[in-house]
Every structure is written in C-alpha cells, then in structure tokens.
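**Student:** Dropping the structure in here first, questions after.
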Amino acid sequence: MSAIGVAVIGAFGRMGRTVCEAVDAAEDLELVARVGEEDDVEALASTGARVGVDFTVPAVTEANVHALLDAGLHAVVGTTGWTEESLGRVREHLEQVNAHRSEPLGVVVAPNFALSAVLAMHFAAQAARYFTSAEVIEMHHPDKVDAPSGTALATARHIAAARQEAGLGPVPDATETQVDGARGAVVDGVHVHAVRLRGLVAHEEILLGNPGEQLTIRTDSFQRDSFMPGVLLAVRQVLGRPGLTIGLEHLLDL
Ligand SMILES: NC(=O)C1=CN([C@@H]2O[C@H](COP(=O)(O)OP(=O)(O)OC[C@H]3O[C@@H](n4cnc5c(N)ncnc54)[C@H](O)[C@@H]3O)[C@@H](O)[C@H]2O)C=CC1
Ligand SMILES: O=C(O)C1=N[C@H](C(=O)O)C[C@H](O)C1
C-alpha cells in the first residue's frame, strides 16, 4: 500500500518541526510539504498530500482548515484558540464539501495529543461529580502565546459539564476582596490559573477537594515527542472519520 502523503503547516515552529520528524520516521507516511507563513495552503492540492497537519497560531488556524478542505485534504489540528463558532463554521464547510465527494473529508481538532493529558482530562471529568471544589492549574513555557491553554479550557469545560449533570452548585469561594486576577480566569464556573515559567514545556494539575481530602490529577509533557503518537494516530484515522471530531479521546475509545 502506498504511504499517506502529509503536509505540515507551521512546519518551522516548535511543534511543526517535531511533527515533520515524526512523519519522516513513519514508514506508512510520507512528508510531502513543509508549509510556512509565506506559503499558500490551497497549493497543497497538487503535492499529493492527503492530510494537512496544522500547528500554527490561533489567529490563522481556522482559515488554514478551510483552505485545506477547499484543496481536498483531510485536516488534523493541534493549534489552540477554537471556539464553538469557529468549529461550527468548519462543520458546515465539511457538510458542503462532503456532499460532492465520494471520499468524504474529515477534520480532527484536539487541544492536546499527549496520552497523559487526554487521560487526565478524562479522569478529571469522571471524578468531578464526587468533589465540592475543582480548580485547574496549567503551567507552560513562556513563549506560549495563549492563556489559558486549550487543554485547560477543555478540562474546565468537561469538569463543569460533569458538575452540572450531577446537580452540583457553584464551587465554594468566600473571596470578597482581591487583587484583580488573583483567583485566575473563570471558565464555566471553574477557576483556571496559568503559570508561565522558563524550563517548563506543558503541564497541568487538576485539584479536586472535599472536606478533609484532595485528589490531584497531574499530567506532564517534558518533551514535544509526547504529542507525536497522538498526532500520528489522528493522521491515520482521519481518513476514515468523515466530519468533525473534537478531542483525541474519541480516537482512543475513552
Ligand atoms: N494539540 C496539542 O497537542 C498541542 C498544541 N499546541 C499548540 O500548537 C500551536 C503551535 O505551538 P508551537 O509550535 O509551540 O508554536 P510556534 O510559535 O513555535 O510555531 C507556530 C508556527 O506557525 C507559523 N505560522 C504562523 N502563521 C502561519 C501561517 N499562516 N501559515 C503557516 N505557518 C504559520 C509560525 O511561523 C511558527 O513557525 C499553539 O496553538 C499551541 O498551543 C502545542 C503543543 C501541543
Ligand atoms: O503551546 C503549547 O506548548 C501547548 N499548547 C496546547 C494547549 O494550549 O493546551 C497543548 C499543550 O498544553 C502544549
């Protein structure tokens, strides 16, 4: 069987370079294009690429995905910054293009491709209904442009959904006076704190508290290699997953 042609968008960034190496090293994949800021994503139609992998910046990732779909490519996206609205536009675009195609296109968007992070989010959502308090602390390298991290946003939203389903009320918090920002950002009622520190890569702690006890769930990516098994899994599976898939957990049957 011939190798799957892969184009990497954001190929000269931290994640893009690591993805290029991982694709190069995989026997069933062929790296056919490295796309930088000056390159045209729609031109990928003539490169033999079947899947485009996007690790760029929040400001451009949605436009890149639309351009990939217009060029007839599947997309795997790790870039953060997605909203319900931007995901909705991709869903609509997929419906339009797939109505005219014999091989329907798929898009996988995941805030984190590391197995430890995906499991941490999953376990946190499972545990959330048993705890009165829940807070998320994400810790990253200081070159990261967005805060809080996409992973922390997703974690907080999963926790909030689990709390709501279990009928839990707001987390207890008697804070009345504070320095602005001292309690972090509040995402669907869950406080999220962002640390930026030289030496870190990508880390997250989920703190769950009850009277007299605490559960801490922690994930650490010490190297960007940690994201690669998930990225390659998504590249291989997106070919058989028409439409929009949000989160690696769906590819892991969690
Ligand atoms: N889902 C996941 O598992 C992970 C997601 N990320 C996310 O991936 C994104 C990238 O992270 P890093 O690689 O650390 O950032 P980076 O800043 O090192 O790389 C971004 C690259 O995108 C390029 N770029 C910007 N606009 C472009 C365009 N229009 N076309 C092509 N390339 C363009 C930049 O020149 C740069 O080389 C961030 O949103 C980050 O949060 C990072 C690690 C893991
Ligand atoms: O920018 C990063 O480095 C990371 N970004 C993603 C996020 O915002 O969640 C994934 C991981 O945390 C690394």
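Each residue, glycine too, has its Cβ placed from N, Cα and C.
The feature active site, proton donor/acceptor is assigned by TrEMBL to His140. If you look up TrEMBL, you'll see Lys144 marked as active site, proton donor. The NAD(+) binding site annotation in TrEMBL covers Gly10, Ala11, Phe12, Gly13, Arg14, Met15, Gly78, Thr79, Thr80, Ala110, Pro111, Asn112, Phe113. Sequence annotations record features per position, and here TrEMBL assigns NADP(+) binding site to Arg34. Under the heading (S)-2,3,4,5-tetrahydrodipicolinate binding site, TrEMBL lists His141, Gly150, Thr151. Residues annotated as domain 'Dihydrodipicolinate reductase N-terminal' in TrEMBL: 5-113.
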**Student:** Among Arg14, Arg34, His140, His141, Lys144, all listed as recorded positions, which has the most CB atoms within 10 Å of its CB?
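**Tutor:** Checking each of Arg14, Arg34, His140, His141, Lys144, the winner is His140.
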**Student:** When you measure from each Cβ to the nearest atom of ligand 1, which of the binding-site residues Phe12, Arg14, Thr80, Thr151 fall under 6 angstroms?
**Tutor:** Phe12, Arg14, Thr80
**Student:** Would you list the other residues of this chain near (S)-2,3,4,5-tetrahydrodipicolinate - those whose C-beta lies within 8 angstroms of the C-beta centroid of His141, Gly150, Thr151 - in sequence order?
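**Tutor:** Those within range, site residues removed, are Thr80, Pro111, Asn112, Glu138, His140, Lys144, Asp146, Ser149, Ala152, Ala202, Glu204.
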**Student:** What is the interatomic distance between the Cα atoms of Phe12 (NAD(+) binding site) and Arg34 (NADP(+) binding site), given in whole Å?
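**Tutor:** The separation of the Cα atoms works out to 8 Å.
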**Student:** Which residues, sitting 6 or more apart from Phe113 (NAD(+) binding site) on the same chain, put a CB under 8 Å from its CB?
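**Tutor:** In sequence order, the residues whose Cβ lies under 8 Å from that of Phe113 (NAD(+) binding site) (at least 6 apart) are Gly78, Phe227, Met228, Pro229, Gly230, Val231, Ala234, Leu248.
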**Student:** Are there any residues in the same chain, six or more apart in sequence, whose C-beta is under 8 angstroms from the C-beta of Gly150 ((S)-2,3,4,5-tetrahydrodipicolinate binding site), and if so which?
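**Tutor:** Thr80, Gly81, Trp82, Pro111, Asn112 - these are the non-local Cβ neighbours of Gly150 ((S)-2,3,4,5-tetrahydrodipicolinate binding site), listed in sequence order.
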**Student:** I want to check the contact list for Thr151 ((S)-2,3,4,5-tetrahydrodipicolinate binding site): same chain, sequence separation of six or more, C-beta distance under 8 angstroms. What comes out?
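**Tutor:** Spatial neighbours, sequence-distant, of Thr151 ((S)-2,3,4,5-tetrahydrodipicolinate binding site): Pro111, Asn112, Ala117, Met121, Glu138, Ala202, Glu204.
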